[in-house]
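Undergrad: I'd like to ask you about the structure that follows.
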Number of protein chains: 2
Amino acid sequence: MTAPRSTRQREVIVRVIEDAPGPLSVPELLARAQQDLPGLGVATVYRTLKLLQEQGVVHPVHLDGESRFERAGRGHHHHFACRTCARVFDLHQCPVALPKGTVYPGGFVVEAHEVTLYGLCPECAARPPA
Amino acid sequence: MTAPRSTRQREVIVRVIEDAPGPLSVPELLARAQQDLPGLGVATVYRTLKLLQEQGVVHPVHLDGESRFERAGRGHHHHFACRTCARVFDLHQCPVALPKGTVYPGGFVVEAHEVTLYGLCPECAARPPA
DNA sequence: ATAAATGCAAAATGTTTGCACCGGG
DNA sequence: CCCGGTGCAAACATTTTGCATTTAT
């Protein structure tokens, strides 16, 4: 048995993910973690993300061709991507009613769904483009 | 004025995209197009896809970290990704009611939305795993 | 004939892996 | 101590770009 060790890098990476208002891209995650751990390398970030995914602590969100990562187990939720500032936020209200097992027209058996909304985040909506 | 030329490669690429039941990945697209045009190179596929996107003929769909491309202008629709055979299909009924301009709780102004359903396609549902 | 389009190979990106050193238990 | 974890650099995979040649017009 090989219990993962607790290291400063892992602590920081997990904390950064937990403190984020939505899923983070690898560059975002790396930049934030390096504020506490300047020497941190990308490889460690990827390896840690992989580990955390296997542990079910974190899971990936693919959005606009970018891989982002967020804390798992925060319940069913979806995402909002701001077209102005490019940040991604969690939404806590689901606009879809598709219970697992629903059969969609055509005979598609639905097991899960993913929704992404695009538009302006509260900040960018209050401060429109020049 | 620089009107794009009509070439055999472009004809084939467009036809392959039109004949598909859903968005295609670049490898899928390349493989199908090469059946008619064995010498076709990847670079041409990417360049053509870029051109077709600028013309608004094709648009990208990002799904599970993979870039796929489909004919644009087929109206509002979403996608279904089969977990068994990994193919992606178009759905022609939208499970979300979020008109452009809707303001989502928290102050998020919605301009567009994207939905992906995951599960079993009709074929795989009829022929369950061993 | 002219310039756009293609194919190839080299160059950017983004992610993974090999390896010597570091450090948690 | 010991072996897992880290950083660095090399290896990969995917997408883009440079350039000589082909080809639509």
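Keep in mind that glycine also has a Cβ here, set from the backbone N, Cα and C atoms.
Automated prediction, rather than curation, is the source of TrEMBL annotations.
The feature Fe cation binding site is assigned by TrEMBL to A:HIS76, A:HIS113. Taken from TrEMBL, the feature Zn(2+) binding site applies to A:CYS82, A:CYS85, A:CYS121, A:CYS124.
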Undergrad: Could you state the CA-to-CA distance between A:CYS85 (Zn(2+) binding site) and A:HIS113 (Fe cation binding site) to the nearest Å?
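TA: Computed Cα spacing between A:CYS85 (Zn(2+) binding site) and A:HIS113 (Fe cation binding site) is 26 Å.
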Undergrad: About how far apart, in whole Å, are the alpha carbons (Cα) of A:CYS124 (Zn(2+) binding site) and A:HIS113 (Fe cation binding site)?
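TA: With distance taken Cα to Cα, A:HIS113 (Fe cation binding site) is 28 Å from A:CYS124 (Zn(2+) binding site).
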Undergrad: Quick one: of A:HIS76, A:CYS85, A:HIS113, A:CYS121, which binding-site residues have a CB closer than 8 A to some CB in chain B?
TA: A:HIS113, A:CYS121
Undergrad: Can you list, in sequence order, the residues of the same chain other than A:CYS82, A:CYS85, A:CYS121, A:CYS124 whose CB lies within 8 Å of the CB centroid of the Zn(2+) site?
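TA: Along the chain, the qualifying residues are A:ARG83, A:THR84, A:ALA86, A:ARG87, A:LEU120, A:PRO122, A:GLU123, A:ALA125.
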Undergrad: At the Cα level, what's the spacing in Å between A:CYS121 (Zn(2+) binding site) and A:HIS76 (Fe cation binding site), rounded?
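TA: Their Cα atoms are separated by 20 Å.
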Undergrad: Tell me which residues of the chain lie with their Cβ under 8 angstroms from that of A:CYS82 (Zn(2+) binding site), as long as they are six or more apart in sequence?
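TA: A:VAL88, A:PHE89, A:GLY119, A:LEU120, A:CYS121, A:CYS124 - these are the non-local Cβ neighbours of A:CYS82 (Zn(2+) binding site), listed in sequence order.
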